[in-house]
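Asker: Sharing the features that TrEMBL gives for it:
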- 1-21: region 'Disordered' (REGION)
- 39-84: domain 'Cytochrome c oxidase assembly factor 3 mitochondrial coiled-coil' (DOMAIN)
- 50-70: transmembrane segment (TRANSMEM)
Amino acid sequence: PQEPSGEAAFARRIDPAREPGLSPEQRLLMAQVERAQRQRVLQRRLRGRNALLALGIGAVVAGIYGYTFYSVSQERFLDELEQEAEAARARA
């Protein structure tokens, strides 16, 4: 149903403190439900942020791990030192 202002009745926001006919228990219950809904929204938002953070940290760790393997495979100085030591032994 439409109200004269053009808004639907279900979209109208009410203030429980000013609403006539509500008992204190009903007002308390409405406040508890609103707190629970805010908590759910906050948890959902934090879950998304935590997932993004975990992906970011995982990407950094995988990058460091991959770079470490790449740099270790490129190290040839130990092989060169061994060859020089063998050449020195052969001359001696």
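The backbone N, Cα and C atoms fix where each Cβ goes, glycine too.
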Asker: With DSSP, how much of the domain 'Cytochrome c oxidase assembly factor 3 mitochondrial coiled-coil' (39-84) is helix, how much strand and how much coil, in residues?
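Answerer: Split by secondary structure, the domain 'Cytochrome c oxidase assembly factor 3 mitochondrial coiled-coil' (39-84) comes out as 44 helix, 0 strand, 2 coil.
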Asker: For the domain 'Cytochrome c oxidase assembly factor 3 mitochondrial coiled-coil' (39-84), what is the mean per-residue pLDDT, to the nearest integer?
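Answerer: A mean pLDDT of 89 is what the model gives the domain 'Cytochrome c oxidase assembly factor 3 mitochondrial coiled-coil' (39-84).
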